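Engineer: Could you have a look at this structure, given as structure tokens, before my questions?
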Amino acid sequence: MKHTNLNDERRWQAVLDRDPQADGQFVFAVLTTGIFCRPSCRARHALRQNVRFYADAAAARDAGFRPCKRCQPENADPQQQRIAKVARACRLLEQDTTIRLEALAREVGVSPYHFHRLFKSVTGMTPKAWQQAWRTKRLRAALEKGEPVTQAVLAAGFPASSSYYREADNTLGMTARQYRRGGSDVTVRYALAACDLGRCLVAESARGICAVLLGDDDASLIIELQTIFPQAQREEGDAGFYARLETVLATINGQNTALQLPLDIRGTAFQQQVWHALQEIPAGETRSYQQVAQSIGNPRAVRAVASACAANTLAIVIPCHRVVRQSGALSGYRWGEGRKAQLLRRETQQEEA
Ligand SMILES: [Zn+2]
């Protein structure tokens, strides 16, 4: 519902509906109590004849009304307050990667139980996953600078206990020692095959599928793989891998097989957040870069969202092809705009069928 130039009848309906979309569009005041509220206020409704509408809180105050204590119509709207709390929590997690989540919830003024749900609804990640991603990012940076492994692990916020070394191992996709040596002990197996969109390269590490690349010829696909994992050992997949490849190809060829293979999603915390959000876009639908930025609670990060889409190495599995310009124009695609158009056409047809 749009609330620009609403007449009073529509405004009253929004009040009756307690429509949160109407918050910020106007306030309403009650003559008998002398109080004004935001449209979504949970308080009992007054009689229509005693209600007056004002453009904003300042206008209601000028007319002699006091703000409601319950809905606090002079503060930012509740959704913005929630997003601000999560944004604050994210900053705190980045500064202090050892902070306990109970303490963090208290810090931003939310109960620990609600905090977990709120954080996930805004970022698409649990607070623990976010914290983990930041620890890993710090650990990577420290190891790349050549710091000793033990020191780097502790400095990144992993507590001094062997279980956390294993945690570091899990999130780096390799042990800290291997990572410091530039991933040189890591093996990436790959296989090439034909799919509906041309040639396809699928690669896996010990952690799962780590790349799904599309192209016209095998040589350029292998070069792309080298660019993504410059230090890793590359070898052709064995028979078992070719069997798993069938599952990936079925997904690419749109046979609606949900991919159950473990995925090895590498990337920064922000990229992971974007990639999680992309996986929430249903087949047959598209979103703009702006919408994706909003869905992760970071409406200004439009260009960063576009970069995260471009950095995706798991074609189709993480459906970056479902993100288009606000105008509806396709915009770029790592594997060619023609393939993007073809994918979207196919998904629309499947959803209509
Ligand atoms: Zn109120």
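A Cβ is built for glycine as well, from the same backbone N, Cα and C atoms used for every other residue.
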Engineer: Quick check: of ARG11, ARG61, ARG66, which does TrEMBL put in the same DNA site as THR33, ARG42, ARG44?
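Structural biologist: Among the candidates, TrEMBL records only ARG66 at this DNA site.
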Engineer: If you average pLDDT over the domain 'HTH araC/xylS-type' (93-182), what do you get?
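Structural biologist: Averaged over the domain 'HTH araC/xylS-type' (93-182), the predicted model reaches a pLDDT of 69.
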Engineer: Write down the Cα-Cα distance for CYS68 (Zn(2+) binding site) and THR33 (DNA binding site), rounded and given in Å.
Structural biologist: 10
Engineer: How big is the Cα-to-Cα gap, in Å, between ARG42 (DNA binding site) and CYS71 (Zn(2+) binding site)?
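Structural biologist: With distance taken Cα to Cα, CYS71 (Zn(2+) binding site) is 7 Å from ARG42 (DNA binding site).
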Engineer: For the binding-site residues ARG42, ARG44, ARG66, which one has the sparsest Cβ surroundings, going by other Cβ atoms within 10 Å?
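Structural biologist: ARG44, out of the binding-site residues ARG42, ARG44, ARG66, has the fewest neighbouring Cβ atoms within 10 Å.
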Engineer: Of CYS37, ARG44, CYS320, which is closest to CYS68 (Zn(2+) binding site) if I measure between C-alpha atoms? They're all recorded positions.
Structural biologist: CYS37
Engineer: Could you round the CA separation between CYS37 (active site, nucleophile) and CYS71 (Zn(2+) binding site) to a whole angstrom and send it over?
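Structural biologist: Roughly 6 Å, rounded to the nearest whole number.
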Engineer: How many other Cβ atoms are found within 10 Å of the Cβ atom of CYS68 (Zn(2+) binding site), counting all protein chains shown?
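Structural biologist: Looking across every protein chain shown, the total is 20.
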